[in-house]
Structure formats: structure tokens, C-alpha cells
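Q: Quick one: the structure is below, and I'll ask about it shortly.
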Amino acid sequence: MAAAAASTQLKYQSGFGNEFSSEALPGALPEGQNNPKTCPYGLYAEQLSGTHFTAPRVANRRSWLYRIRPSVTHEPFHPVNFPNESLTADFTAGTVTPNQLRWRPFPVPPEPVDWVRGLFTLCGAGRASTKEGFAVHVYAANQSMDNSALANADGDFLIVPQQGALRLKTEFGLLDVAPGEIAVIPRGVRFAVVLHNGAARGYVLEVFQGHFALPDLGPIGANGLANPRDFLHPVAWYEDIEGLSYSVLHKLEGHLFVAAQSFSPFNVVAWHGNYVPYKYDLARFCPMNAVAFDHPDPSIFTVLTVPSYTQGAPPTADFVIFPPRWLVAEHTFRPPYYHRNCASEFMGLIKGQYEAKQDGGFLPGGASLHLCMTPHGPDTATFERAAGMADLGAAEGPAHLGHETLAFMFETTAIPRITPAALSCPCVDRDYYKCWVGLKSHFDPTSGPNMTSHPKIQEAGAAKATGSTAAADGTASAGNGSLLSG
Ligand SMILES: O=C(O)Cc1cc(O)ccc1O
Ligand SMILES: [Fe+2]
């Protein structure tokens, strides 16, 4: 009998990287050993490993699944005739450009398409064959994956829904993931995407190496940003369905294969381990930010990171969000600064308006991409407003970046190459560069230094002009420009 898939609130187990365990039938987990001669309830034992066997203990990932029939029972795999220009896991060829790129929202096609067939690769680096690099996809689907499941042998998926709630049926159990939440499906885990309320659209970061981890917090201390207990893992859930034709899809080096089998692959009655899919509600993220002045680097908002193999080397990828929060920095240009970064930045918008773009061109379901050293930053309207250049009500007091905004970034060390399909896609916004063309010179050599900067510096400048060096606290100090020179 199938254990009922509750349509109401699902149960979860909380934590990050722990050893979890769950059984849908009492006593289904073997006691004290992984593979007894016979398992409780006549189940088959199967290991799923997510790291090489000898990976250091801190990084080692594997789970044990106790299932009605093992995964190996299926007809041979055959290549799926997939529109192969839309899905790739090899970026050794691919286009780079120093131009800023932006895509308007990717439409959900009118014809029936499920989550797998709705995947569309925009860019990536490295290749799955050598387990190096990553891919960035978007998905747009209007059909549930009925009687089919996917295992991705190429890497871990981080799924960022933008529109439409998803139920992820996995071998480990069920996850309900709505826009504003994310899910991670580790390499090899079989899953099916069921649409909860109509068409679905979102973003996917696929990493060919390593696994998502929580960033170290350094001087922040033991708490803050994404807290481990807010990551939710499924409880065991199974369906004992035989006699149907089930399609098991397998993605290997970006190619899709399919095998038929006569039973549901969601037949795991119990499991234990630390290699498990999970979800996280981005509203649980506890942001840290400037409480005096200046704009911190966006790494302050890292939710998850994929550390590199080499200690001290930059991460393969970071998942960063720009959550609702109070902006309180004084005498500060509050939006993102203008910049050219060593890293490359793919951005998406889940809802609302992004703080650096007011031109209406960066919309929920769309995307932008700025490769290594490509200049970018706030558009003209954002600059004029935040710098007080236009009479648009620049706020100097606390201002709330409303609850109706949620943008994110996949920040990567390796330089992403863009797929031909993404570059020729009708969603490409060929006018993106125009959002900065209006930035005019405000240079006035007669206006004097430090027009709007740190008040202590202004005071020091004024004191210098009048021949005194009184500091802000009223004490006199020797020398000149001491606050400037530090
Ligand atoms: O480009 C962007 O909008 C992302 C970003 C945000 C920020 O607050 C600082 C730097 C940065 O790259
Ligand atoms: Fe940026």
C-alpha cells in the first residue's frame, strides 16, 4: 500500500549536514548495521554516495536507502530525443562577452512542457565530464512530471522557484517549495516535479563539483545569515505501485537518457545518512549589514556556498540574496556601488524591484549576467535618486527595502560562457546598456572636496580652511587632515 502523500503540511527534519534518519514503517531501518543479510520488511539496502569513499570525514556524504525494489531493476537506458541546444553540461565551447547582458522574463511556452523539458541552459563554466564548474539554467513548465523521475548524474541542483509552487517528490520523501524558498537536490537523487498551482518558472544553479555548504561566519559569530536549523529535509515516504510504465530519466554530461521500469522509483521505506535533499525559506535569512555608513560587499548576504576543492581557493559558486531589510547607512550612497568584479555575477529576480534597477528592465523571471570585470551598477534613475541629484526623495533616515523585493545572485569564480541558445533567445534585452547612458558628469572643480562625505571629514576640512583643527568631539588636535589620513 502506498503511504498517503499528505496534501496538507508536510513534515520535515531540520538541520544542515547532520546525519538524518527516517522510516515510514516502524522498525524499517536496520539496527546497528547498514546491510544485514535480510532487511526489515524484506527491503533492499542501497547506498547512494555523494563524495568519493575516502573524502575527509567533514566532507564525506552518503545515505543508505531501504527500498521495495532496487534502482538497478529497469530496462536499458536509451538517449532521449531532447532539443539538445537547450540543455548542456559542457562549456568548453561557448561565448564570452564583456557586454552587460540582460534577459526579459522567460515565457512559459503554450505547449505542454514538464520541468525537465522546460530546462534551458543560459551559461556555465567547465564541464560535467571532469566534475569541474557549474551551469545556470532557467525552467518554465506547465505540466507535472507524471510517472517519470529524473536523476542528475552531473551534479547538485539548487532550484530557485520564481513563479508557481512545486512539490518535489524525491526518493527521500516530499518537499513543498514555493517562490521565496529554495531546494537542493543532490547529484543522483531521483526526483519528480509536480506543479502545485499552475505554470511554474524559476532558476537553477547546477554545480558539477562539490556540494552546497553554509558559509563560515568569521567575526559575525555563531549565529546569523542562514541558520542551520532552518534547512528542512523530508521524512521517508513511499509508494508501492507496480505494473505501470515508469520513465526513469538520467542526465549524464548534459545528455538525457530514459529507461522504462514497471514500478515507482519512490519506493524507499526508510533511509539514513547525510546526503539528502532539502529546502530553505529565504525569509528565514537573518541579514547583517552596515549600521553606520558605506555599502558592504554582497558576500554579506551569502546563503549557501560551494567551497572549492583546494583550501583557501575561491568558491566554485555562491548563492547570494538581496532580502527585504532596513537601510540605515548615513551619508552613504545606499544602492550597490559601481563596480568591476573579479567574480562573475548572474542575477535573477524572484519578486518586486531590485534596488539597483529602476528602469523597469530587470523584471521577475528575467535575468542579468555580468562577466568578470564587466562594469555595471545602478541605472541612471537609481543613481540620480540615491545621490540626491534628482528631486526624487532621497531618504537619509532609515528606509525599508520593502517585503515585496527579493533578488538573488549566483556569483562564480570561473567565467561563465553563454550558450548560443541564450544569446539568440528573443528575451535578450538589446537595449540594456542604455540604462547607464544617461549617467552624466556631475564634476564641478569649483565645488570643493567632500561635498557629501563623512561629516567628520567635512568638519576637518572646514576647520582646516579656518586655520583650526578642532575635532568633532571638541578637542583640539595637531596636524592637518588627520581624519583623511587616518
Ligand atoms: O551587481 C549587483 O547588483 C550585485 C551587487 C550588489 C551589491 O550590493 C554590491 C555589489 C554587487 O555586485
Ligand atoms: Fe555586481
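Backbone N, Cα and C define each Cβ position, glycine as well.
Because TrEMBL annotations are produced automatically, they should be read as predictions rather than curated entries.
Grabbed the feature section from TrEMBL, which reads as follows:
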DOMAIN    11-282  domain 'Homogentisate 1,2-dioxygenase N-terminal'
DOMAIN    284-443  domain 'Homogentisate 1,2-dioxygenase C-terminal'
ACT_SITE  HIS295  active site, proton acceptor
BINDING   HIS339, GLU345, HIS376  Fe cation binding site
BINDING   TYR354, HIS376  homogentisate binding site
REGION    460-486  region 'Disordered'
Q: What is the average pLDDT across the domain 'Homogentisate 1,2-dioxygenase N-terminal' (11-282)?
A: 96
Q: C-alpha of HIS339 (Fe cation binding site) to C-alpha of TYR354 (homogentisate binding site): distance in Å?
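A: Given the Cα positions, HIS339 (Fe cation binding site) is 17 Å from TYR354 (homogentisate binding site).
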Q: With the Cβ under 6 Å from ligand 2 as the test, give me the qualifying entries from the recorded positions HIS295, GLU345, TYR354.
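A: Passing the 6 Å Cβ check against ligand 2: GLU345.
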Q: How many neighbouring Cβ atoms, not counting its own, are there within 10 Å of the Cβ of HIS376 (Fe cation binding site)?
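A: Step by step: centre on the Cβ of HIS376 (Fe cation binding site), count other Cβ atoms within 10 Å, giving 22.
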Q: Could you state the CA-to-CA distance between TYR354 (homogentisate binding site) and GLU345 (Fe cation binding site) to the nearest Å?
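A: About 15 Å separates the two Cα atoms.
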Q: Under 8 Å between C-beta atoms and at least six apart in sequence, can you list the same-chain neighbours of HIS295 (active site, proton acceptor), or say none if there are none?
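A: Sequence-distant Cβ neighbours: ALA329, THR332, PHE333, ARG334, PRO335, PRO336, TYR337.
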Q: Comparing the binding-site residues GLU345, TYR354, which residue's C-beta has the most other C-beta atoms within 10 angstroms in this structure?
A: TYR354
Q: Going by DSSP, is HIS376 (Fe cation binding site) sitting in a helix, a strand, or coil?
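A: Looking at the DSSP assignment, HIS376 (Fe cation binding site) belongs to a strand.
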Q: What other residues of the same chain, not counting HIS339, GLU345, HIS376, have a CB atom within 8 A of the CB centroid of the Fe cation site?
A: PRO336, ARG340, ASN341, HIS370, THR374, PRO375, GLY377
Q: By a simple count, how many Cβ atoms lie within 10 Å of the Cβ of HIS339 (Fe cation binding site), its own Cβ left out?
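A: The Cβ of HIS339 (Fe cation binding site) has 14 Cβ neighbours within 10 Å.
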